[in-house]
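K.L.:
Quick one: structure below, then a few questions.
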Amino acid sequence: MSLCGARANAKMMAAYNGGTSAAAAGHHHHHHHHLPHLPPPHLHHHHHPQHHLHPGSAAAVHPVQQHTSSAAAAAAAAAAAAAMLNPGQQQPYFPSPAPGQAPGPAAAAPAQVQAAAAATVKAHHHQHSHHPQQQLDIEPDRPIGYGAFGVVWSVTDPRDGKRVALKKMPNVFQNLVSCKRVFRELKMLCFFKHDNVLSALDILQPPHIDYFEEIYVVTELMQSDLHKIIVSPQPLSSDHVKVFLYQILRGLKYLHSAGILHRDIKPGNLLVNSNCVLKICDFGLARVEELDESRHMTQEVVTQYYRAPEILMGSRHYSNAIDIWSVGCIFAELLGRRILFQAQSPIQQLDLITDLLGTPSLEAMRTACEGAKAHILRGPHKQPSLPVLYTLSSQATHEAVHLLCRMLVFDPSKRISAKDALAHPYLDEGRLRYHTCMCKCCFSTSTGRVYTSDFEPITNPKFDDTFEKNLSSVRQVKEIIHQFILEQQKGNRVPLCINPQSAAFKSFISSTVAQPSEMPPSPLVWE
């Protein structure tokens, strides 16, 4: 680390130990590469990622209909037509108007699309008497991802021209179980307030309840994810690894403080933007922790490679330690650029884990089902081979391997917590870099950097899921969700709805959910 970085480090540590202090602020040069570049720790990043303008690519925002009311005049009166990126364009950046600029002149939209969009705006007036002012259409642009329980597209918000992500939650009201799961995810997305956890910026206006089948959630648009970065050919510096791991654990500490288990932490669910800010996403499998150990929990969780041994061994009760196991697997994958435990089946998955950690004690297997214990005890007794972790890469230093070994502990009660992992010295440089040039919680002044009083905040009160206890029918949940969405509407913003006449929308509507191969595999039935 440079002298400047070391100086910032000393000041940051002073802030970490209790006062606010400052570090020199400078200018950040933008790099256009697949792998986001980290700003040096002593420089301040002045720009929000949404404000990166990519040369040679214009954002097309089409005004559709001018409203004359003063409320409408205050809002941007435009319906967004797709700002299509050239298929050959490689950069993962999305254009948007610079701060304070109106969207530039757009290519003319086909007349029928304009007419259809205008008709849609009108059509929504009588349906939503609670928002008499107006509504704006949002038009899908291109698919950017398929989660376990939804499809994600990039869109342009017609109110400010910003690029955002639109997630379609399909088949919401098929049965009571899917209703509850979607409502839980929706409530979580609206509850989260943390820079390393994806949250809802907005929810599109629902139609009349009789036509209410899908839910559309607007979130920040992220350019990549950790899976794409890991499999890319670009080298990952130890600084990248530290700042990514720091943010994963920072987000996880917040989730766990809310009493939430994510239950599907994997590289593809860790979104990364163009300046390396990371956000945990996809809460389709998340739930509140179960404190009553006699209550059974579902085992259909976590993609196999990242699945903790207690789940593989059929434990009917598990804790947030399952997420830490997944983070350990990802940490090793960041270091070695390959999946740590890449097995063909759940039984082989368990065998690969015991090859590394050695045969677990009976105490460590106390929550396992009898069939799983028998499988372990039938096999040969294995010695641990943890020193092999040093061969992952030259970045697998003593500090790195020490932290990794605290995460990859067979017994979940002895596995390190997110809070304690964040206090590990390996992450000091990641914390420094994040808070001196990447975060939104600290800021730079003419005299230097002013640090937040709490580098890794938690939430209080916890996320409350008691609302689920009283949900008894699909129609009842549908009405409650419909009302919940209407209540979420921020009063100061024009409500958004989709233009159902557009070709892009029809493609979006018909886009399918993840194929079965992408779903977490079914649990192993131990004999």
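Every residue gets a Cβ built from N, Cα and C, even glycine.
Pulled the feature table from Swiss-Prot, pasting it below:
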| type | residues | note |
| --- | --- | --- |
| REGION | 1-304 | region 'Required for interaction with TAB2' |
| REGION | 22-72 | region 'Disordered' |
| REGION | 90-140 | region 'Disordered' |
| DOMAIN | 138-427 | domain 'Protein kinase' |
| BINDING | ILE144, GLY145, TYR146, GLY147, ALA148, PHE149, GLY150, VAL151, VAL152, LYS167 | ATP binding site |
| ACT_SITE | ASP264 | active site, proton acceptor |
| MOD_RES | THR298 | phosphothreonine |
| REGION | 434-527 | region 'Required for interaction with TAB2' |
| MOD_RES | SER522 | phosphoserine |
K.L.:
Using the alpha carbons only, what distance in Å do you get between VAL152 (ATP binding site) and the residue listed as 'active site, proton acceptor' once rounded?
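P.N.:
Checking the Cα atoms of VAL152 (ATP binding site) and the residue listed as 'active site, proton acceptor' gives a distance of 17 Å.
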K.L.:
Measure from the Cβ of VAL152 (ATP binding site) and count the other Cβ atoms within 10 Å, all protein chains considered.
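P.N.:
For VAL152 (ATP binding site), the 10 Å Cβ neighbour count is 22.
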K.L.:
Using all protein chains in view, find how many other C-beta atoms are within 10 Å of the C-beta of THR298 (phosphothreonine).
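P.N.:
A count of 11.
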K.L.:
Averaged across the region 'Required for interaction with TAB2' (1-304), what pLDDT does the model get? Just tell me the whole number, please.
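P.N.:
Reported value for the region 'Required for interaction with TAB2' (1-304) is a mean pLDDT of 67.
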K.L.:
What does DSSP assign ASP264 (active site, proton acceptor), in three states?
P.N.:
coil
